[in-house]
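A short worksheet on the structure shown next.
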Amino acid sequence: MIEAILNYEFLQNAFFSGLIIGVIAPLLGVFIVVRRLSLIADALSHVTLAGIAGSLYLSQSFAGLALLNPIYLGIVASVSGSILIERLRRLYKHYEELAIPIIMSGGIGISAIFISLASGFNTDLMSYLFGSVSAVSRQDLYVVMAIAVVVVLFLVLFFKELFVLSFDEEYAKASGLPAKWIHLLFMVVVALVIAASMRIVGILLVSSLMTLPVAAAMRLARGFKEAIILAIVFGELAVIIGLISAFYLNLAPGGTIVVTSIIILLLVIFIKKIVLKVSIKSKGEEVL
Amino acid sequence: MKKILIELKDVSFQYEYTQALKNISLRVHEGDFLALMGQNGSGKSTLLKLILGLLKPMSGEIKLFGEQANHFKHREWIGYVSQKSNAFNSGFPATVEEVVKSGLVQKVGLFKRYPKDADILVKGALKDVGMEKYLKRNIGQLSGGQQQRVFIARALVSDPKLLILDEPTVGIDRENVQAFYDMLAHLNKHHNMTMILVTHDVDTVSDRVSHVACLNQSIHFHGYKNDFDTISEEQIASWNGHSVRKIH
């Protein structure tokens, strides 16, 4: 695999994009999970699909747009979706979760219209849905790198505020934090990460890379920073193992990465159970 | 003359269809330990939200430390322990240290990292509430009373001049309530920390407080605890709309 990466540019693109996404997706995922926003990531990924489908339709219909990279319209759709979700959540204060099915079905609906209008696409739409090792271009890699810089910068600047907002929103507001703006920025950054991740993991599976490594990390971590470090470790493991197996078995990387994440999660749950049983048993013996 | 930390003049607030507060006038002086008492739905939480700037009054004026509440910038001077802390997500992966440190967020300010002495401040605040041994423990693994102490440490870490506690004894065993009040009295006396303690239950108003205010949409009584003790249970019941029992 290492020799292949050195020789083929598309593999370099896929591998480095994967490594970056393996860090930024779980990193933001920790905040998403503890704030109980996991389903919002799903809704945004479906809106991203609408942007991708729209871009593919435009490039098919207008010769001048033939070279337009679908990731750009995907980003625009995802960020617009995040802002719309926030507006809807405020509009339906007592039924905030309503924003998710509204945006999700809207995204799928618009995607379906563009796909029908184009009578299917020449481009392999499957690679956008489930990811692809060969489809990541050097331009995609640069976009992923730029988004990673935005994510890191955002977290460096707002880490402590995001922690307070996640742990206790009322306390954050009472402390005078600009909670509304920080939350809106957070949603925009989440939308960017979803758009960045879709080439590798695929639109339908992108939210899993933000939630599965976090789910495993939360079984083990005592503290928040520990949860972030573990989530990144599990995310990277899933991406590396998933990409290698996708390459050798000629499978969609989205599938192999998600299945690896699930195996890691099951292993963590199993090991934690055994450790707990052993510690309870040894404590019992101490008492006797 | 003691400094006035909170001053409300003729403050009224109405939710869509319900009048929550009517012509509230109240002064809290430096060093006061005020029990703000009222039944469920009497407007206590609304009053707190107005003081904390989470709501804006329909009419009237609120001053914090002599400044108009909407222009007040020193939020770190006010420590707040919310009622919701009793029902926080206990599965949240955070250590006691991380939770207490987050109390510095306003003092440190946007775009800045916690200062180098933050760890010392955290340890000091935990010591004040008798929880210094639990620094690295997961917050969800503590008992209700211990969690409440941690939330008080979070409020104390920024060295506030005023501490507001919304129903802090909910979730604490009856036998630990007195120890809890002792701790608050210690902070009030030895740190000269002004306190507002909100409670719906007259039974829990300890002798430790210096002042009592009775609220039911409007203020029915505001004065020294000793004067409050002379008021009959029937009188308090007529303000609250149900019978009460005072403990001396």
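In case you wondered, yes, glycine gets a Cβ from its N, Cα and C as well.
TrEMBL does not curate its annotations; it predicts them automatically.
As annotated in TrEMBL, transmembrane segment covers the listed stretch A:64-86 rather than the other ranges in A:41-63, A:64-86. Using the rule of three or more Cβ pairs under 8 Å, pairs at least 6 apart in sequence, the transmembrane segment (A:180-197) is in contact with the transmembrane segment (A:141-159). Taking pairs at least six residues apart, the transmembrane segment (A:228-249) and the transmembrane segment (A:14-34) share three or more Cβ pairs below 8 Å and count as touching.
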